[in-house]
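One structure coming up, written as structure tokens, with questions to follow.
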Amino acid sequence: MTVIIKVDPLNPEPWGVRFGARIIAGGGLVAFPTETVYGLGANALDGSAARRVFNAKGRPVDNPLIVHVSSFDGLRSVAEPPPWLLEPLRKFWPGPLTVVLPRKKVVPDEVTAGLDTVAVRMPAHPVALRLIDESRVPIAAPSANTSTKPSPTRAEHVVEDLWGKVDLVLDGGETFFGVESTILKVEDSRVTVIRPGPYTPEELSKLFPKLEVSIYARGVAADRPIAPGMKYKHYAPTKPLFMAADQSVLVQLSRELSMRGVNHVVLCSRETSAYIGAPTIVLGSRGDLYEVAKNLFHALRVFDRRTEPLGLVEPFNESGVGLAVMNRLRKACGGTVVKDADQVLREGGISGSTHPLSGSKARHQEIRA
Ligand code: TXA
Ligand code: MG
């Protein structure tokens with residue numbers, strides 16, 4: 001059975017948090033909001049509770065979980081951070097940053113997937129922090145979606161995916177950033193971004209001057225993954241989604257598909273949407289990639305529910321948080337970048353008419369959730 005409790009995200013009702021903490025301490029599962037996406041939480045020191053997380057999500061057991069803490073003592077209880085790391089970490093925590101460090105033995109193999117490292121983060125969200133405090137244990141939490149689905153940015157997404165599989169959903173409304181935390185792998189004095197997120201390489205390198213960015217951070221296919229999760233399918237809609245090579249290709253492609261009678265949806269910026277004749281899902285302004293990040297996963301779910309057999313998506317600038325946006329979008333598209341309509345039809349397995357006057361009836365319409 002799943003219980004849903006609405007909580008005030010800034011000042012959560014203590015009884016709701018206490019109820020959640022009792023479930024965590026008893027080995028159960030609680031979905032809770034963080035500043036990035038909703039997490040599916042369990043006691044990080046309890047191997048069988050962690051196994052329930054993998055079962056609920058349908059997650060491969062070799063893909064380890066992030067351990068959430070509410071203090072630096074909490075960090076030291078599960079990992080061995082090098083002393084030089086603590087000062088820069090204080091600037092970013094609590095916040096959307098995960099660090100991969102040598103683990104302590106108290107963390108069960110189920111959580112770390114048997115690795116000798118553990119991923120740890122201190123979320124900047126009152127509900128998450130109080131839930132950890134009240135539970136008196138660190139909380140292991142992957143994103144609270146079914147494996148391969150877009151991460152949840154609203155409680156309704158959690159309910160869509162995990163109804164009946166999670167004991168409690170703490171509904172704190174929409175999450176703030178909308179993409180998952182930046183993950184840094186720390187090895188001796190080397191610091192590498194292995195998953196881009198809300199903290200950008202530009203910001204991080206101010207405190208980590210020798211910061212490296214993994215070649216996989218862009219989200220192109222990984223043949224030698226450094227985060228175990230990289231080798232799995234992610235954010236995948238149930239029908240084809242194609243990334244256009246650039247904005248003008250997007251406008252041209254959409255026009256050509258409409259001319260050939262192929263219904264489709266276009267996920268794009270507000271600016272580009274003005275040039276599109278087909279239905280659009282507006283992700284935000286091209287000038288505000290944090291807005292695009294925040295709306296991205298919800299937009300993918302809205303796209304999935306539409307009846308059109310395929311979608312096109314606009315590529316965004318990869319600087320700043322754009323790196324995280326493009327990483328998630330490339331994965332949602334399965335890496336395919338398209339240049340012409342024939343390629344879309346071929347790869348989407350769709351036959352369009354070649355008659356120029358057999359135009360699609362779909363007219364421009366902005367789809368709202
Ligand atoms: O923002 C977030 O990080 C959210 C919220 C709930 O905190 N959590 C999240 O967890 O995105 P998840 O499980 O969806 O993604 C965790 C990623 C996976 O790609 C996993 O492979 C990687 O972190 N990871 C976990 N432990 C690791 C380790 N020891 N070494 C390398 N990668 C690790
Ligand atoms: Mg995830």
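Each position is counted from 1, following the chain as shown.
Cβ coordinates come from backbone N, Cα and C, glycine included.
Feature table excerpt (TrEMBL):
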BINDING   Thr36, His68, Arg121, Ala141, Ser181  L-threonine binding site
BINDING   Arg59, Asn63, Thr117, Ser143, Ser151, Arg195, Tyr235  ATP binding site
DOMAIN    14-199  domain 'YrdC-like'
REGION    349-369  region 'Disordered'
Name the one residue among His68, Arg121, Ala141 whose Cα is closest in three-dimensional space to that of Arg59 (ATP binding site); these are the binding-site residues.
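Sorting the binding-site residues by distance from Arg59 (ATP binding site), the top entry is Ala141.
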Between Thr36, Thr117, which of the binding-site residues has its C-beta surrounded by the fewest other C-beta atoms within 10 Å?
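So among Thr36, Thr117, the binding-site residues given, the one with the fewest Cβ atoms within 10 Å is Thr117.
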Pairwise over Thr36, His68, Arg121, Ala141, Ser181, annotated as binding L-threonine, what's the top Cα to Cα distance to the nearest Å?
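If we measure all Cα pairs in Thr36, His68, Arg121, Ala141, Ser181, the largest is 13 Å.
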What mean pLDDT score does the domain 'YrdC-like' (14-199) have in the model?
98
Anything from the binding-site residues Arg59, Asn63, His68, Arg121, Ser143 with its Cβ under 6 A from ligand 2? List those in sequence order.
Ser143
Give the sequence-ordered list of residues that share a chain with Tyr235 (ATP binding site), lie 6 or more positions from it, and have CB atoms under 8 Å from its CB.
Thr148, Lys149, Pro150, Ser151, Phe297, Leu300, Arg328, Lys331, Ala332
Using DSSP, would you call Arg195 (ATP binding site) helix, strand or coil?
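In three-state terms, Arg195 (ATP binding site) counts as strand.
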Out of Thr36, Arg59, Ala141, Ser143, Tyr235, which binding-site residues have CB atoms lying under 6 Å from ligand 1?
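Cβ under 6 Å from ligand 1: Thr36, Ala141, Ser143.
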